[in-house]
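Engineer: Below are the structure tokens for one structure; questions will follow.
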Amino acid sequence: MSYRAGDAARRARERYELKQAAAEFYRKLSVTERLEEALNSTFCLGPEDVYGHLANYFAQFSKPPTICQIRGRKVLDGTGEPTVEAEVFCTVKNMDKRICSSVISAASEHPKASKGPEQESNHSADIAIQWLNDLSPKLRGMSPDEQNKIDQLLSDFYQPKIEEEKERRQMEREASPMPLQPEPSPVTSPAPGKKKGSGKGKKAAVVEKPIPPEETPEAVVPGSPAIGALSLAVAKASSVLSKTPLYLHIRALRNEKLPTEFFMPTPMISILSCGTSSPGKLNLMKEVLIIPQTGLTVQQSLDMALMLQNQIVKQINAASKTGPAIKNVSPLGCMLIGGDRIEQPLDLICEACQHVGLELGTNLYLAINCAAHELMDYNKGKYEVLSGTFKSPDEMIDLYVDLINRQPAILALLDPLRKEDTVQWESLAKALGSKCYLFADAASKPVCKLLESGSMNSPPCSGTVIKHTNEITISQLLGVFKLIEGENRVAVLGCPYKESVGDSTADLAVGLGARFVKLGGLLRGERTTKYNRLLAIEDELTQAGALGFWTKNEFPVLCEVQNQPGPQETPETQ
């Protein structure tokens with residue numbers, strides 16, 4: 001009898017202690033007060049979906065989402081080569097959910113690296129997946145809002161990988177030493193002022209100075225796309241969880257306060273490709289791009305580009321003697337055509353403009369991606385602008401000056417010279433810098449080197465084409481855009497030659513505040529996806545009354561002595 005009484009008393013005491021613990025638990029979390037508030041507000045509001053209202057009310061008191069897993073998958077980029085997709089999973093309201101993913105393609109500083117075998121891409125993707133698996137426990141429990149902290153962790157993780165890759169390559173060089181490359185022999189040319197055949201005896205000759213040797217290209221570490229893809233995926237996860245468009249999230253990372261007006265980047269749209277991979281003799285124009293006049297919307301710009309492109313196709317078909325010409329498309333998303341003269345692609349565009357009622361230099365401008373680093377013949381020490389036609393770095397300056405004098409609608413030259421030809425870059429800046437943008441793409445330092453140097457003066461250019469590839473983090477992108485603006489240069493956000501399918505580049509361009517965006521042409525899906533995203537962003541800004549327009553093209557002052565500036569556009573209001 002006494003045993004039963006004692007057992008009942010023990011159970012009663014345990015129930016009492018449990019009730020006290022529950023009361024203390026709910027008291028600490030203010031559950032009873034918030035539950036009372038929720039019930040009162042629900043009764044007063046009388047929502048149609050009572051449980052939906054209660055769910056929304058209590059959601060504001062839930063813990064912030066945290067990363068619970070990072071996963072990597074092998075996917076294909078826009079050219080069918082393997083790359084890596086980084087997926088971010090977060091714990092949201094006690095549930096593990098897949099939030100988003102991102103894909104970026106690998107790109108090399110070396111022009112020939114893009115021609116590597118498929119097994120190298122496979123190897124890089126496999127390593128990237130392993131890196132993402134290794135990074136998963138390091139990021140577990142962190143908030144996607146901690147972009148700077150996560151990017152620093154990624155950079156710290158990546159730094160030893162660079163050293164390992166350098167050591168591996170050094171060991172390979174020591175094991176199988178490469179033969180020394182022959183230095184280009186000095187080139188002789190007639191003395192200035194001497195005409196061929198003038199005077200008696202031998203003609204005086206001038207020995208041209210040998211070109212600077214090619215700099216050692218920055219090594220691309222296999223697996224590096226894992227870093228850039230994961231950094232972007234974290235930014236996307238934060239924007240998804242906060243229900244904020246990615247471009248607004250990026251701008252918030254850049255500025256403490258969001259601006260009241262956003263300026264859409266002006267698209268540089270690829271129309272033709274006449275580079276080293278195209279048929280015909282012409283090598284100089286890897287891309288011929290159009291730049292719409294200021295004051296136009298992205299929609300108006302794309303409509304104009306599409307109209308011009310269709311007219312060019314008609315002209316090519318009309319000139320073909322065998323019926324409609326086969327439309328070869330470059331990975332850049334534009335038509336690949338042959339040319340035998342430097343002016344030939346420009347003449348084709350001029351003729352198309354006349355047919356559709358557009359005026360070059362008024363409605364639209366031209367840009368040329370020269371990709372000079374792909375034209376250099378190191379044995380001759382000259383650029384092969386046409387098959388069998390070679391130009392020294394000094395002669396290239398005369399070529400560009402003459403070309404722009406004959407076609408003043410050319411607004412920009414991309415990579416007109418190698419980065420090593422710094423003296424000629426300075427001469428070109430003096431000759432054309434006040435009326436033509438001189439952009440460095442492959443001629444620019446890598447993003448990490450730009451941030452280390454804190455300078456945009458090598459080479460002296462109007463601005464830089466920045467691409468989100470390999471190990472570049474979102475924080476580094478923010479830093480390099482701040483540097484470009486601080487140096488009063490022009491920022492261009494571009495895509496690599498082999499681009500992945502995704503539209504985040506458009507958000508990055510708007511969020512980072514790029515003046516121009518270079519996405520390629522309109523003939524490949526991975527390119528048009530990004531243009532479509534630009535259109536969607538423009539529509540959102542229009543609906544919000546926050547869309548602004550550039551009113552003129554301003555050229556940075558590159559040197560103390562420059563030629564007179566080119567024609568300015570009349571400001572427009574829309």
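The backbone N, Cα and C atoms fix where each Cβ goes, glycine too.
This is the feature table in Swiss-Prot:
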type	residues	note
COMPBIAS	165-175	compositional bias 'Basic and acidic residues'
REGION	165-221	region 'Disordered'
COMPBIAS	193-203	compositional bias 'Basic residues'
BINDING	E287, K518	substrate binding site
ACT_SITE	K467	active site, proton acceptor
Engineer: By a simple count, how many Cβ atoms lie within 10 Å of the Cβ of K518 (substrate binding site), its own Cβ left out?
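Structural biologist: Result for K518 (substrate binding site): 29 other Cβ atoms within 10 Å.
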Engineer: Across all the protein chains here, work out how many other Cβ atoms are within 10 Å of the Cβ of E287 (substrate binding site).
Structural biologist: 26
Engineer: Take the C-alpha atoms of K518 (substrate binding site) and the residue listed as 'active site, proton acceptor' and report the distance between them in angstrom, rounded.
Structural biologist: 10
Engineer: In terms of DSSP three-state secondary structure, what is the assignment for K518 (substrate binding site)?
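Structural biologist: Note: K518 (substrate binding site) is in a strand by DSSP.
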Engineer: If one measures from the C-alpha of the residue listed as 'active site, proton acceptor' to the C-alpha of E287 (substrate binding site), what distance in angstrom results, rounded to a whole number?
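Structural biologist: The residue listed as 'active site, proton acceptor' and E287 (substrate binding site) have their Cα atoms 17 Å apart.
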Engineer: I'd like the Cβ neighbour count for K467 (active site, proton acceptor), meaning other Cβ atoms within 10 Å of its Cβ, all protein chains included.
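Structural biologist: Result for K467 (active site, proton acceptor): 24 other Cβ atoms within 10 Å.
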